[in-house]
Amino acid sequence: MAQKEEAPAAAAAAEPAAPASQNGEDLENLDDPEKLKELIELPPFEIVTGERLPVNFFKFQFRNVEYSSGRNKTFLCYVVEAQGKGGQVQATRGYLEDEHAAAHAEEAFFNTILPAFDPALRYNVTWYVSSSPCAACADRIIRTLGKTKNLRLLILVGRLFMWEEPDVQAALRKLKEAGCRLRIMKPQDFEYVWQNFVEQEEGQSKAFEPWEDIQENFLYYEEKLADILK
């Protein structure tokens, strides 16, 4: 399975290379000192947020393949429903894409999208995630649920991340024990993400086209998750 940490860069060649920014931009031939300073000071990666993700990102990152080679990012689409005592519900939605700088998408959600919880509201949060949480992210979710009694969280995942590792299996079981509902995305869930979180051409709404093995892979991961959560 693909790991959440990107592989280290290859060793540098013997000859010194032209300077480059942390974002991979060539700094040679930059005449503007302010632009040069700006590029150098940019962080190497960032958490990307938005309302709809590009089509090609969805088709590659969310595909529920058994071996997720090259899928080193996590895409998290979310729906937050906050309900007051009068029964009125305020809903927000969007997506997060992590670049593995300091926080994965799951942790970034609580840091940026929902950093604080109003005790007067009840929160129903649904995540549609390209892969299940790593052990560290699971621990953050568990701690948040433990101290936030007015939060209910449902996580639907396209793939299981490193599900054969004992620490990951233990983390998923602890998530269930903490009250987090965790399940594998069905074909209908992928269609929901396509319709609600993927960019569509203006004035057009293209129908979702399931890939050939979408149902087979769903059943594969559903069985693995059921065995883990026994």
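Cβ coordinates are placed from backbone N, Cα and C, and glycine is handled just like the others.
Feature region 'Disordered', per TrEMBL, maps to range 1-29 of the set 1-29, 30-58, 88-116. Counted with DSSP, the domain 'CMP/dCMP-type deaminase' (70-175) comes out as 32 helix, 37 strand, 37 coil.
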